[in-house]
Amino acid sequence: MGILGCGVLVFALFFQCHSRSVQNPMFRFKRFQDNDCSRTRHPFVLSNPYNFSLDIRLPGVIPTESDSYYCMAVPVPTSQEAYIVDFVPHATMDTAHHMILYGCKTPYATQGYWDCGKELGTCRDQTKIMYAWARNAPPTKLPKDVGFKVGGDTRINYFVLQIHYGDVKNFRDHHSDCSGLTLRMTSKRQPFIAGMYLMMSVDTVIPPGKKVTNADIACTYTSSPMYPFAFRTHTHSLGKVVSGYRVRNGQWTQIGRQSPLLPQAFYPVTNTIDVRNGDILAARCVFTGEGRTAVTQIGGTSNDEMCNFYIMYYMDNTRAVPYMNCGDDGSSELFRNIPSEANIPIPVSPDHMMSMKHESAPHKDVVELQEPKKEEEVLDQGAHLVEVSDWPEADLQLGQVSGLALNSNGDLIIFHRGDHIWGINSFNLNGIYQQKDLGPIQQSTIMVVDPVKGKVLKASGRNMFYMPHGITTDKDDNYWVTDVALHQVFKLSSDGKDRQLLVLGEAFEPGSDKKHFCQPTDVAVDPVTGNVYVSDGYCNSRILKFSPEGKYISHWGAGSSDRKRRASFLIPHSLTFLPDKQELCVADRDHGRIQCFMADTGEFVKEIKKEQFGGEVFAIAYSPVQGGLIYAVNGVPRDGQVAPLQGFAISYSSKEILDSFSPDAQEFKLPHDIVVTADGNVFVGDAASDSVMKFVQSAKAEHRSVKKGGIEVQEIEETETFLQANLKPLPKFPAQHPVAGVQKMQEPSQKQHQQPLAAPEEKETSKTAANQSARGASTTIITTLLLVPLVLVIAVGAFIRWKRGRMYSDDCQVKLEPSGSAGGILGKIRGKAAGSLNLGNFFASHKGYTRHGFDRLSTEGSDLEKDDEDGTDSENEEYSAPPAPMSSS
């Protein structure tokens, strides 16, 4: 055993030393880091028919003076449209001050590299900034379903890489530099297009010795809605803090705030927001002139300053604007109300600055952007919705529950059918109600319930309805309800007096014109304009829009991103209004999908269709938290498909299912409507069990199936309290009846918690005696078996270290031949291209400081990239971009 212990000790020490040499760049000769020019690289690597990568590197340059700007153009490797879904930088701040990647149609040169900081610029035409890097910023992982669109009709046929070399003293040993980027790309269409909004100051003057100088920028936004998901700040050495905001109705909402002395990466936005027409975008850079003896102006050299706030955003593919900019000075009146945090410098420790100078960012420091992004998401309050089994505390005595709503106090409003039941004989084939002789429902069909205890607060709606269906409230707490038997929509007072404030449609008269409905299913009301939206319904396949007074405005049918494959609504069953996005979403029940539209025009925005829905989506609700969450319940499809009946929490931006939930004490039979409260609690009304179930965001973990790395595992977690937890991506549903599925999930859990106690002490003693004899006989064999491979591993490790020592020794310098450089290889694949902007030229002349921005980002947040010092250059590395969404999702 002593020999074994010594062997293990040697083994551990060896690998500790080896791991340090891998992890810490200071253990390597600097020249042989990621920008080693001696390597033979393959600039274009095709991973599969859809995904490929493009390596863009300067071909071994040696700057001869400080503040040099060098550029090189590389053609987009396809004439068809393609999407950049990831950027991987290969540079250190010891060599490069910053890098910018532009896109354009006509660069100043298409062969070799050129000095783009003096006479020549980057492109001869309009340029778009697509990526920026400085100060050892780590790689940036882009959100799923988002891509920068290039090629095709985008006028981006060339990439132009610009690198600013600050201090020429970094090249005193005359080594050549091959800094650059790797672009991960895909030809698969991305549903969202990324863009760049660049805010910059062009005329700020920083007096010498002055402690604080502010550079304020502000512009009114005038384009289609955009959704910021990342930001980046950039100044030179005098910058202390840079902050960006959206200003809406006088309210300042932070987009991002950061010290420009930290790694200048793109960081996730502070708040998930949208920016709409009429909003103001504002930014402030705080500088200090202390230590300077002369005036400092905005310029392109290291002794000048810059004030840039970059916003990475995404837009829907059909309305995307790939670049926007703002260079207007903000008014003192506007900035009088800027949050005080914008004036507080963010301290950066000297240790942090040293680590930034001498260390490359390892793979674990990759910045993962969230929003629209992203495959695993986190709910702010809890991880999973679970049923409150003892709610309500008393029986509510309900009929078929058809609709749910909330009033301004947060009380739950239940719309039910009393003693009327929708059966197969209720309607004929034309949608005409066949049971008028039953008369209206005599019970109170509208009940206001305390959401905490379930106590009935008040009831109304007697002798008014025949077959209740949908209900919602407006800003004045009036009820808006539909009756599928009456084919009408009612606006009712909520004071319990059942006053009919407005009636749309004609009683018992179905129709498809502007004044008639045919079994209307639901209502939604815009809380700002008061406009009313009606889903119509079981017979018609349309959404109608009315003024608050009931005047017809417009109507529309189902939408599709592919007009050739548009399918009409098949029972638009439920509506939810998205106030923060001014959109209306529809549960297209029998198509098993959710479709969203611009509320003012009816223009199609997006579709969410998931296999887990099982072909039916009965009801939806919306919460504006985290950029928007859509809650939904499915149903049992008529075509024989089998899917568990459950509820879903879905990210509006990424369209990913974040959580699923179902009751434990009972089961869903026909979940018919759903609402979500301001604090994240969910209520589901079930039309078959005549009940309402309450779900809360619980901090208790439960036995559930999760998918990790694509592998489905059963996970049993201890019951414990935690504040935040990741929502697991859902496994695909089992092909079995939902009730059986629940039972199979529960039974193993109970059995595993009811295992017998440990054996008595006497039995344990006899076991120990028997084991000791067997253990003694096997020790020698085990030791021998362990030592043999250990010796082999040490021998192989010693050989590897000997080889690495020769490769990286100072005496063994590899000569760089121009013909073998990356530039030579890149020259072979050059073709049609696109152009970019030259900040160096602008600051030399103080003209033409144009700002052209990002084109949509798209990437999966998986561990597809291996980004240690060597990993990103492997010719065999395969990048798998997210698959293009089906036309139905």
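For all residues, glycine too, the Cβ spot is worked out from N, Cα and C.
All annotation found in TrEMBL is predicted automatically rather than curated by experts.
Noted in TrEMBL for the protein shown:
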{"type": "BINDING", "residues": "HIS97, HIS98, HIS164, HIS234, HIS236, MET306", "note": "Cu(2+) binding site"}
{"type": "BINDING", "residues": "HIS469, HIS573, HIS672", "note": "Zn(2+) binding site"}
{"type": "COMPBIAS", "residues": "746-755", "note": "compositional bias 'Polar residues'"}
{"type": "DISULFID", "residues": "CYS37-CYS178", "note": "disulfide bond"}
{"type": "DISULFID", "residues": "CYS71-CYS116", "note": "disulfide bond"}
{"type": "DISULFID", "residues": "CYS104-CYS123", "note": "disulfide bond"}
{"type": "DISULFID", "residues": "CYS219-CYS326", "note": "disulfide bond"}
{"type": "DISULFID", "residues": "CYS285-CYS307", "note": "disulfide bond"}
{"type": "DISULFID", "residues": "CYS518-CYS539", "note": "disulfide bond"}
{"type": "DISULFID", "residues": "CYS585-CYS596", "note": "disulfide bond"}
{"type": "REGION", "residues": "740-774", "note": "region 'Disordered'"}
{"type": "REGION", "residues": "854-889", "note": "region 'Disordered'"}
{"type": "REPEAT", "residues": "454-495", "note": "repeat 'NHL'"}
{"type": "REPEAT", "residues": "509-549", "note": "repeat 'NHL'"}
{"type": "REPEAT", "residues": "655-698", "note": "repeat 'NHL'"}
{"type": "TRANSMEM", "residues": "781-800", "note": "transmembrane segment"}
For the repeat 'NHL' (509-549), sequence-distant contacts whose Cβ falls under 8 Å of one of its Cβ atoms, 6 or more beyond its ends:
403, 427, 430-432, 469-475, 480-482, 484, 487-489, 502, 555-558, 568-577, 579, 582, 584, 586, 597, 599, 602
Of CYS123, CYS219, MET306, CYS518 (the recorded positions), the residue whose Cβ has the fewest other Cβ atoms within 10 Å:
CYS219
When DSSP states are grouped into helix, strand and coil, how many residues of the repeat 'NHL' (454-495) land in each?
0 helix, 21 strand, 21 coil
Candidate disulfide-bonded residues CYS104, CYS307, CYS518, pick with smallest Cα gap to HIS98 (Cu(2+) binding site):
CYS307
Cα distance, MET306 (Cu(2+) binding site) to CYS285 (disulfide bond), nearest Å?
9
If you count, for each of the disulfide-bonded residues CYS178, CYS539, CYS596, the other Cβ atoms lying within 10 Å of its Cβ, which residue has the minimum?
CYS539
According to DSSP, how is the repeat 'NHL' (655-698) divided among helix, strand and coil residues?
0 helix, 24 strand, 20 coil
From the DSSP assignment alone, can you count helix, strand and coil residues within the repeat 'NHL' (509-549)?
0 helix, 17 strand, 24 coil
Report, in whole Å, the straight Cα-to-Cα distance of MET306 (Cu(2+) binding site) from CYS219 (disulfide bond).
18
Nearest of the binding-site residues to CYS518 (disulfide bond) by CA-CA distance, picking from HIS97, HIS164, HIS234, MET306, HIS573?
HIS573
Mean pLDDT across the repeat 'NHL' (655-698), rounded to an integer, is what?
94
Mind telling me which of the binding-site residues HIS97, HIS98, HIS234, HIS469, HIS573 has the densest Cβ neighbourhood, counting other Cβ atoms within 10 Å?
HIS469
Looking only at C-alpha atoms, tell me how far CYS104 (disulfide bond) is from CYS326 (disulfide bond), rounded to the nearest Å.
20
Other C-beta atoms that fall within 10 angstroms of the C-beta of CYS116 (disulfide bond):
31
